[in-house]
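K.L.:
Here's a structure for you.
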Amino acid sequence: MCGIVGYIGKQKALPVLIDGIKSLEYRGYDSAGFAVSTAGGVVKSKKAVGRVSNLELKIEEKDIRHGNAGICHTRWATHGGVTEENAHPHSDCKGELWLCHNGIIENYKDFKSDLARRGHTFKSETDSEVLAHLIEEFKTQDPALATEEAVRLALLSVRGTYGLALLDSKNPGTLIAARNFSPLLIGVGDGEYIIASDASAVLKHTKNVVYLDDGEMAVLTPKSHKIFDLKRNTINRKSEELTWDIEEAQKGGNPHFMLKEILEEPEAIENSIRGRIVAKEGLIKLGGILAVEEKLRNAKRILIAGCGTAYLAGKVGEYMLEEYGGIPVKIELASEFRYRKPIFREGDVMLVVSQSGETADTLAALAEAKQKGVLSLGIVNVVGSTIARQTDAGVYQHVGPEIGVASTKAFTSQVAILALLSVMLGRQRDMSVVMARRITEELSRIPELMKKIIKQSEAIKKLAKKYQPYRDFLFLGRKYNYPVALEGALKLKEISYVHAEGFSAGEMKHGPIAMIDKSFPSICIAPSDSVYEKMVSNMEEIKARSGPIIVIATEGNKKIEEITKDVIYIPKTLEMLTPLLAVVPLQLFAYHFGVLRGLDVDKPRNLAKSVTVE
Ligand code: G6P
């Protein structure tokens, strides 16, 4: 996602900034920009759409000779398209205050209209620029106010998340930083400081870092730094020594991107649902599909298409949208849909699900629907991707780049958004406020519940170790957890290269049961839900044939241990939301299983992250 680098010290700022921002390229981004101080007390800024190399093409010899303080940013679009105007840094009206911002200012619209009335002019569509003008406004109202104080007051006024670096042309000997639920650290060098959203940008210069905590600010000069909270309490924090190399730093200290992305799932869900639930009225506000809300009210059927893990997220959506959205749904593998001569009817809506937004088969399915004049929607992670651009409307996932080839955080985010969509459609039809509130409240708790599962990673690793000798696995689930069984099997085969099959547990008697013996373990997803008893019967059948069983069960269900001792407990939640929890242990199981086999789980053989060919 977005990356920030800031520098103040004895060196010329620009080369350090560009070098630093390049080490954040792995995070994915769509545009870049910098602002540096100059000897004349003016800040110079340049921006470019696309790669950092495009920005470098714009750098002239004289830019490199500019001052010793500056900020630099790579943007992953959230509010506003991928344009130079929307790229950071953003400035106030006078071009004195320049800032780079990661995160989302949720109530920026309230401020934007008020600031516009007061004469501020905006050059971009971003929430971040509003912050620059808000700081300017505090300074205008009280010209004696120090910039750091204006920043503090502005941050106290807004609601949202931020990692922030600010440069003031009137005070180029100082750099200001702030953090709230968006990472930011300060690299402490010899007569220099480097602010960064990610340790990889700092490591080349220093291994000494000070981490900012949420709700904290820092003011840096080349020789000193002070940290304080938004109530102005001073914070004395010692620097820590990083023991990582650059590659490890990019993985946030985790051995693999896949693990990092599984650990990020609670945050990813928060980012996907943030600002989209109007709790009191039990309503869902999805900005990207506001314009087609009326068409959705009259929709008669939803067709969902996707590939791989995205298809399986869509399959969970099929159950949710029918049960709670009150609308018939058909889920299709995009690669089949494109050749099937599908029959569309009046009132059909095509929904494509894709992390990358570039999958060739999904694009072809979308094209088929568009050609027939069907309203098309997308659930997409990569902002500005082809699917995002070609659908009539859509919902962005906001989970940041997913680098591990096997999709993890994108899956749970897609399921969470499908839950939001189900409530939205349900409310347009006959869902009560009470039911909508129940679902949205429970959805908001999912990140906390996920954290409890993630804590069991070591226990899951032990199970993965115990089951290492096996080369065949059956994954079984019913109803909402049937797609989860398919996803569990897909994850295991993708990264471990062992044979794994997912089945609806009800289908077991029609074939898979023939394979069961002591060398063929089953992983059963059996939370305490409406089909629990049926799952128990299936497990008894497996046990009767000496098949080893791992079960995913609901916390408190001790009785299940009479069937097998290999139990992974997940917290209780609404049945429709259990896939969000049940899939996490399966992702962790596949991850540990692959690592224990000594495989490169981030780049499994023969697979690609984004399949842009048929
Ligand atoms: C590839 C990836 C999968 C992913 C699928 C669909 O096969 O390895 O992890 O689920 O493509 O990708 P999309 O970007 O459309 O979600």
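Quick reminder: no glycine exception, Cβ is built from N, Cα and C everywhere.
Worth saying up front: this structure is predicted, and the values here are computed from it rather than measured.
Straight out of TrEMBL:
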- Cys2: active site, nucleophile (ACT_SITE)
- Lys609: active site, for Fru-6P isomerization activity (ACT_SITE)
- 2-223: domain 'Glutamine amidotransferase type-2' (DOMAIN)
- 292-431: domain 'SIS' (DOMAIN)
- 463-604: domain 'SIS' (DOMAIN)
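On this model, are these features tucked inside or out on the surface, and what's nearby?
P.N.:
The DSSP secondary structure for Cys2 (active site, nucleophile) is coil. Around Cys2 (active site, nucleophile), taking its Cβ as the centre, 25 other Cβ atoms fall within 10 Å, counting all chains.
Neighbour count (other Cβ atoms within 10 Å of the Cβ, all protein chains): 17 for Lys609 (active site, for Fru-6P isomerization activity).
Model confidence over the domain 'SIS' (292-431) stands at 94, taken as the mean pLDDT rounded to a whole number.
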K.L.:
Would you kindly give the Cα-Cα distance separating Lys609 (active site, for Fru-6P isomerization activity) and Cys2 (active site, nucleophile), rounded to the nearest Å?
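P.N.:
Computed Cα spacing between Cys2 (active site, nucleophile) and Lys609 (active site, for Fru-6P isomerization activity) is 20 Å.
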